[in-house]
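The domain 'Band 3 cytoplasmic' feature in TrEMBL is assigned to 1-252. For 307-852, the entry in TrEMBL reads domain 'Bicarbonate transporter-like transmembrane'. Residues or ranges marked as transmembrane segment in TrEMBL: 338-358, 370-399, 419-437, 602-620, 649-669, 690-714, 750-769, 776-794, 822-848.
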Amino acid sequence: RWIKFEEKVEDGGERWSAPHVPALPLHSLFQLRTCLQDGTTLLDLDASSFKEIIDKVLSAQPEEAELQPEPRERLAALLLHQPRHQPTKSLLQLLAELTLSPCRGRHHIWPWMGHDKSCSEPRAQVSKTPLKEQLRNRFQKKVPPGAEAAHIATGEVEFLEKPFAAFIRLKRGVVLGSLAEVTLPSRFLFILLGPQAKEKAYHEVGRAMATLLTDELFQRVARQAEHQEDLIGGMEAFLDELTVLPPGKWDPSTRIPPPSCLLSLHRRTAVHPPGQQSHGNGDMAAAADRAGLGHPRSGEELERTGRLFGGLLRDIQRKARWYGSDFSDALHPQCLSAVLYIYLATVTNAITFGGMLGDATANMQGVLESFLGTAFAGSIFCLFSGQPLTILSSTGPMLVFERLLFSFSQDHNLDYLEFRLWIGLWVAFFGMVLVATEASHLVQYFTRFTEEGFCALISLIFIYDSLKKMLNLADTFPINWQYRLDNVTSYSCICNLSSPGPLAGTAPAPGWAGKGPKVSMNDPSSQPALSLQPPTTLARLSRTQCLSRGGHLLGTSCQYVPDVTLISFLLFGGTFLSCTMLKRFRSSRYFPAGVRKLVSDFAIILAILVSCAVDAALGLETPKLLVPSELKPTNPARGWIVFPFGANPWWVCPASAVPAVLATILIFMDQQITAVILNRREYKLQKGAGFHLDLLCVSLLMVFTSVTGLPWYVSATVISLAHMESLRKESATSAPGEHTQFLGIREQRLTGLAVFILTGVSIFMAPILKHIPMPVLYGVFLHMGVAALNSIQLTDRVQLLLMPAKHQPDLPYLRHVPLRRVHLFTVIQLLCLALLWVLKSTVAAIIFPVMV
C-alpha cells in the first residue's frame with residue numbers, strides 16, 4: 001500500500017513494514033509505458049460498482065485483442081474475488097490472535113496505496129457495501145482528508161496467452177464496497193494480468209504504477225488527461241525527473257527512509273518547467289534552494305506611505321479585522337500550557353530584574369514595582385499592540401541605563417524619580433515622532449547578521465545569568481568540603497550562653513558564681529585556679545533562638561549546612577534536561593501521536609512539577625520563589641505618583657532631552673530588532689505585523705511608567721521566542737512515513753493577556769508560589785536561552801568551524817557560498833558579538849544600542 005510512501009507486508013504476514021521511499025527497476029517503468037500505449041485506457045468511465053467497471057473494461061477490448069468467452073468469464077470471476085486485507089491492529093489484537101493466515105498474491109493500492117493478498121481456496125465476491133473490518137480499521141486515521149483510492153491488480157494466470165492491461169479513471173469517486181482496505185471513494189484502477197513465468201515483472205510494473213500515482217505532478221496529469229497520449233506525456237515528465245542509482249554502489253533491498261522534507265510542487269515546477277530536462281539532482285537541489293531564498297519579510301508592513309502616521313493607520317486597519325479571532329483562536333489546550341510556562345518565566349524575570357533594580361536604585365524601584373509594571377504594561381500591550389505574541393519585560397540594557405541614571409542623580413544632588421520622569425516624557429515624545437515619520441520602515445535594512453548577533457547576545461545573557469545565579473548559591477549555602485565520615489563521632493554543636501546572670505528556666509552551676517579562691521599570679525607556690533564563669537549550655541535551643549539570646553554556637557559541626565547547593569544543582573540540571581527531552585518527545589517513536597503532542601505541549605509545566613515534587617520529597621531548605629505580599633512601595637520614602645516639579649531645578653526639564661535621545665535609540669533598537677525576529681517568514685504568521693503600532697504602544701506606556709515610577713519595558717527577545725515556540729501549530733494527521741508539518745503559530749492575544757494578569761495577582765498567590773524552588777526556574781531560564789540560541793543559523797556555522805569538511809552537513813548555503821567565506825562571515829559575527837558583550841559589561845554600556 002502507498003499513501004505518501006511504500007509499505008509492504010513482511011514475510012511473517014502479520015505486520016506492515018516501516019514506510020520507505022520506493023526503489024524501482026528502470027526496466028519496469030519502460031514496461032509500464034508499453035502497457036499504457038498498448039493496453040486499454042478508459043477515461044471518465046461512468047460506473048457505480050466494481051462489477052460494472054469490470055464488465056465495461058472487458059467489453060471495451062479492441063477486436064484484435066478481444067478475449068474468448070471462457071477466459072473472459074474466468075478473468076471477470078478472478079477480479080471480482082474478495083481480497084484479503086491486512087488490517088492495522090493494536091498490540092492487544094495481535095496477542096489475542098493465535099492463527100496466522102498464509103494467503104498472498106494480489107495487489108490493491110489506495111490513496112495511492114497498494115495491498116498484496118491472494119488465496120488458493122474459493123472466496124466470496126467483492127461486496128457492494130463496506131465490511132465491518134473496513135469501518136473499524138484504525139488505519140483510517142492515517143488517511144488524509146479528501147483522499148481518493150487507486151486500485152492496482154497484477155499477477156500471473158494460466159488461462160491467458162498474452163498480457164491483459166487496462167487503465168481506468170472513473171468519472172467521479174465511487175466507494176467500491178469491500179474492495180479497499182478502508183472506506184474511501186475510488187478514482188483510478190490499473191489491471192495487469194498475463195501468462196505464467198512473468199510474475200516478478202508484473203509485480204514491479206504494478207509498483208511502478210503505484211509510485212506514479214503517488215506523485216503529485218502525475219496525479220494532476222492523470223486527473224486532467226483527455227487522451228491516452230496525455231498519460232504517456234505525464235509519464236515522460238516523470239522520467240525526466242528520475243535519478244538513477246548505479247547498481248554496484250548500493251543494495252536494492254535497502255529501504256530508504258522517508259526524508260524530513262520534500263520539494264513542494266511549486267519548487268518542482270520552478271526547477272523543471274515543461275519541455276526542459278534537469279542536469280542532475282545537485283543542480284536541481286541548488287536551483288530549488290535558490291528559489292526558496294529571499295528576504296525574510298515581505299508585504300506592506302514596512303512600505304512608506306509618505307503621510308504622517310500613514311504606517312500607523314495601515315497597521316491599525318490590518319490588525320482590526322483580526323481582533324475578534326485574536327481571542328477565539330486562543331480556545332485550545334495548547335494555550336493553557338503556554339500561559340503557565342510563560343507566566344513562570346515572566347514572574348522569575350520580574351523578581352530577578354526587580355531585585356537588581358532595587359540594588360541599583362536604593363529600592364526606588366524594587367520587586368513590587370517590577371510586578372505591577374510588568375502586569376499593567378504587558379496587559380495594555382497585549383490588548384492594543386500590532387504583535388500581541390511579544391512579551392514585554394525589563395531588559396539588561398535598560399537596567400544599565402537605570403543604574404547610570406541613578407548614579408548621575410546622586411552625584412549631582414538631583415531627585416532620581418523626577419529626573420527619570422522628564423526623560424521618560426521626552427522618550428515618549430521622540431517615539432511619537434518616530435511613529436509619525438514612519439521611521440520603523442528602516443528595520444527592513446536589518447539583516448541576518450544584526451538579528452543573529454542581537455539574539456545570540458540576549459540568549460547568552462540568559463544562559464550566563466542562570467549559571468551565575470546557581471554559582472552564587474555556593475556562597476549562601478556553602479558546600480561541606482571539610483566533612484569526613486570517619487570523624488562523625490567528634491562532630492557536635494551546642495549553644496553557649498555566657499551571660500553573667502541566670503536565664504529564666506536555668507540554674508547556675510554550683511561553685512561557679514565567681515567565689516573561687518583568689519590566686520596571686522606572682523605566688524609561684526600557689527596552684528592556679530579557674531576564676532571564669534562557666535558557660536551555660538542549652539542543647540534544645542535552636543540556632544535562631546540561641547543567637548537572639550546573645551549566645552554563640554560552639555562545636556566542630558556548627559558550620560555544617562546540608563548540601564543545599566548540590567541538590568539545587570541537581571534540580572537545576574534535571575529541570576533543564578527534562579524540559580529539553582520532553583519538548584522533543586513529539587518526534588519520539590513511543591506512544592501514539594496524541595500522547596506525544598500532549599506531553600510536548602506541556603513539557604515545561606511537567607518538568608517544573610516533577611522537580612517541585614522531588615524537592616518536596618527531599619525536604620531540604622532550597623531557596624524558594626518569594627514574591628511581595630503587600631501593596632506598598634519598596635522604598636517608604638517614595639509614593640505611587642511622581643510629580644514633575646518641586647525637587648529639581650527648572651533646567652532639568654530641557655536637559656533631560658539629551659539622555660532621552662540615548663534611551664530612545666536603545667528602546668527603538670531593542671523593540672524593533674525583537675519585532676523583526678518574531679515576524680520572520682519562517683514562522684508563517686498569517687495576521688501580519690504592526691511595527692508602527694508596537695512602537696506607539698511602547699512610547700505611550702513610557703508616560704505611565706515614568707509618572708508612577710515603575711520600570712520601563714520593551715520586548716523581551718528570549719521570552720517572546722519561547723512564547724512563540726510554545727504556540728507552534730503542526731499537522732494533526734500524517735501519512736505513514738510523513739513527518740508532521742509546521743503550520744504556523746497560534747496567533748492570538750489571550751495567552752499574553754492571561755500571563756500578565758496572573759503576574760499582577762501573584763502578590764495574592766504567595767502561599768502557593770513559595771513552594772517552587774528557584775533552581776527549578778533557573779533551569780527553565782537556561783532552557784529558554786539554549787532554545788533561542790539553537791534557533792539561529794549562527795549556532796550551526798560555529799559548529800562548522802569545528803568540523804572537518806567531509807563531516808559537515810549538506811546545508812543549502814554551503815552549496816552556494818565557498819566555505820572560507822562562510823567561516824569569515826562567522827568569525828566577524830563572533831567578534832562583533834564579543835564586542836557587544838564587553839560593552840554591556842562595562843560603564844560604556846550606555847552606547848550599547850549605537851554599537852548594535
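Here the Cβ of each residue, glycine as well, is placed from N, Cα and C on the backbone.
Automated prediction, rather than curation, is the source of TrEMBL annotations.
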Item checked: Stretch in 602-620, 649-669, 690-714, 750-769, 822-848 most in contact with the transmembrane segment (370-399), if contact is a CB pair under 8 A -> 690-714
Check: Going along the chain, which residues at least six beyond the ends of the transmembrane segment (338-358) come within the CB cut-off of under 8 Å?
Finding: 365-371, 374, 378, 391, 393-394, 399, 402, 465, 469, 604-605, 608, 625-627, 634, 711, 716, 719, 722-723, 726-727, 751-752, 754-756, 758-759, 762, 769, 772, 774, 777-778, 780-781, 784
Item checked: Chain residues in Cβ proximity to the transmembrane segment (822-848) (below 8 Å; excluding those fewer than six residues from its ends, i.e. six or more beyond) -> 396-397, 400-401, 404, 449, 452-453, 456-457, 460-461, 662, 666, 794, 797-798, 800-801, 813-814
Margin query: Cβ under 8 Å, sequence separation of at least 6 from the ends of the transmembrane segment (602-620): give me the contacting residues as numbers and ranges.
Written below: 337, 340-341, 344, 562, 564, 567, 571, 574-575, 578-579, 582-583, 585, 726, 771-773, 776-777, 779-780, 783
